[in-house]
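A.B. asks: Input: one structure, supplied below.
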Amino acid sequence: MVATVVGTRVESLASSGIEAIPKEYVRPQEELTSIGNIFEEEKKENGPQVPTIDLEDLVSEDEEKRVRCHEELKRAATEWGVMQVVNHGIPIELMERVRAAGAEFFNQSVEEKEKYANDHASGNIQGYGSKLANNASGQLEWEDYFFHLVYPEDKRDMSIWPKTPSDYIPATSAYAEHLRGLATKILSALSLGLGLEEGRLEKEVGGMEELLLQMKINYYPKCPQPELALGVEAHTDVSALTFILHNMVPGLQLFYEGKWVTAKCVPDSLVMHIGDTIEILSNGKYKSILHRGLVNKEKVRISWAVFCEPPKEKIILKPLPETVSEAEPPLYPPRTFAQHIHHKLFRKTQELGAK
């Protein structure tokens, strides 16, 4: 049995004592067969596992170690498009501060969080929100979120940043700055992996001035019927790179070789996705992998996704000339980042309308 409730926060639904989730949250029948118990899925040792890449030697003076690290990164980006990265250079205590600040924000009452509510109708996408049923299926996801631009500093709107807890702004700001430095290192290594100059990919996605870091804190409340719902439906990221921190509760699944693979919770790691932007620039040599988020009955899951995105209109995304040949013609038409986002939304609406 399912209930019908629309226009409320998922957290409010979850804490109301419902035993059946509203029908808007129930996934289509063809998806339900692949949704399992995430804790059981995480324990599985057989089958493919998301690669873990040690970045300690990413910029090592020792050429042999550096080359080995770059090769492992390239292999993961080529074969998977996602990896767990360790020894990434971001202080563990800073990651803990970010986790604590985000959790404390979401531990406030819904009424308190509503002070930061976004308003898609008026174009204010930053702030506290939930998925709107604005697609052809009317489908909803079992999550609330907080979304805001965190870097560069001069493009931030501090009026929307949480004032409580007091460490939210300093911790998140420092974390964003560290991630921006890590993005440069990763983009350099990925450039070299394509036979390009090391600064090339960063330049193509906007450079130090224009590459934007957008943070989305995903809050997945406990779900009474996790076998029927998804926290985030299957998608690829439009970004260049995405870095994900989480609270060590499993949920992320990757669609690899025709099957859903659960990412294990690796201590002190970040999950890093290659996004569509890098897939396009590399002419498909680096992969943007399809992924989704499962929910559970027992534990709240929180993840901090930071999307490194090019400017929406200034840059034309297309395969770089060096990645194209007679044998490997361009796989993607030229588009701005905004056009790529629009194309994905339009295509999804078309697919839903055809069902």
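Every residue, even glycine, has its Cβ placed from backbone N, Cα and C.
It should be emphasised that the depicted structure is a prediction, and the values quoted were computed from it without experimental measurement.
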A.B. asks: Pick the one from His246, His291 that Swiss-Prot also lists for the Fe cation site with His235, Asp237.
C.D. replies: His291
A.B. asks: Among Lys65, Lys74, Lys344, which is the one Swiss-Prot gives for the substrate site where Tyr145, Lys216, Thr236, Glu309 also bind?
C.D. replies: Lys344
A.B. asks: Which one is closest to Lys216 (substrate binding site) in space, judged by CA to CA distance, out of the binding-site residues His235, Ile302, Ser303?
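C.D. replies: Out of the listed candidates, the nearest Cα belongs to Ser303.
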A.B. asks: For Tyr219 (2-oxoglutarate binding site), which of the binding-site residues Tyr145, Thr236, Asp237, Glu309 has the nearest Cα in space?
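C.D. replies: Ranked by Cα distance from Tyr219 (2-oxoglutarate binding site), first place goes to Tyr145.
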A.B. asks: Just name the most isolated of the binding-site residues Lys216, His291, Arg301, going by other Cβ atoms within 10 Å of its Cβ.
C.D. replies: Lys216
A.B. asks: Quick check: which same-chain residues outside Asn218, Tyr219, Tyr220, Arg301, Ile302, Ser303 lie with their CB within 8 A of the centre of the 2-oxoglutarate site CB atoms?
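C.D. replies: Neighbours found: Glu143, Ile217, Gly231, His246, Asn247, Val249, Gly251, Gly293, Val300.
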